[in-house]
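Undergrad: Grabbed the feature section from Swiss-Prot, which reads as follows:
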- 27, 28, 29, 30, 31, 77, 154, 209, 327: substrate binding site (BINDING)
- 77: site 'Transition state stabilizer' (SITE)
């Protein structure tokens, strides 16, 4: 593997000194870029794009050709794991992801097998190794998975949900069934993420997109507990250096202290959290990633630059901050505004790293 030329993202996650605050964007390879739309059209549909390792590599690299980003993130989807379990993932226009065979009974859960990441998910591993090779050491490659709770919401509900009624019913009426599902998912994610590291991922992120839908006690029981299990099972060293792990629970600002106790290296923050407050609460234990509202990228460029400055000042001096959005970039954002955002982070953050 080529020597890493820009490692400030990895260094910041480990709270080592950096020259400027590193920056990348969730969903940086996505529909706001015209070149992404062209490649997706070439693939035919979203999952065909994910399953073609050469095209997945191409869209991963596209934002790095445009912008001075400090990390690349594997182009894939969190639902690859349940798809590999045989649920029959498909996408309906305007409806989002759906499953032909939801896992909404204990009998269905018992029948689930843990997928082999080098077999059923081999296309993801081929994408990881291809991207790592093509990056040629330019920036680190982030691998990722959904959290067990978040994956389970889609599996039990049969797709996206606004109320999570079915899975919450299972949580409170049949908790043993849900724990069985979450346990299988945690085991699957451990294998999946470790295989990503073996194929070249240099950092890992666990996306708990729907943890914020849970009550205080239910979050610990049904979400955090299983992310803890994953972290305990991960490969934490590769290529002679630590593989940092970031946990991101959208809507999880209440639980930062508990999340920081898991042994992760960093916490992702959504835009509802004050980053200065987050640093006071957990900055002695973990690095922080975030956390500009993605909708701010619709603002005039001077307003974007102002908000970048506000968040940098909120975090303050020293390392341990990776700048990002508080969630994925929206599809209708002007690519020039995204570029201005990235430039502003690098330009304005120098003063905080002396």
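Cβ atoms here come from the backbone N, Cα and C positions, even for glycine.
Help me picture these features in the structure, burial and contacts included.
TA: The secondary structure of residue 77 (site 'Transition state stabilizer'), as reduced to three states from DSSP, is coil rather than helix or strand. A simple way to gauge crowding: the CB of residue 77 (site 'Transition state stabilizer') has 17 other CB atoms within 10 angstroms, across all the protein chains here.
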Undergrad: Cβ-Cβ under 8 Å from residue 327 (substrate binding site), same chain, 6 or more residues apart: which ones?
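TA: Set apart from residue 327 (substrate binding site) by at least 6 residues yet with Cβ under 8 Å, we have 26, 250, 270, 271, 294.
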Undergrad: Highest CB neighbour count within 10 A among the binding-site residues 27, 31?
TA: 27
Undergrad: Between residue 77 (site 'Transition state stabilizer') and residue 154 (substrate binding site), find the distance joining the two CA atoms and give it rounded to the nearest Å.
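TA: Residue 77 (site 'Transition state stabilizer') and residue 154 (substrate binding site) have their Cα atoms 13 Å apart.
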Undergrad: Show which residues of the chain containing residue 29 (substrate binding site), separated from it by at least 6 in sequence, have their CB under 8 Å from its CB.
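TA: Listed in sequence order: 36, 59, 60, 62, 63, 73, 75.
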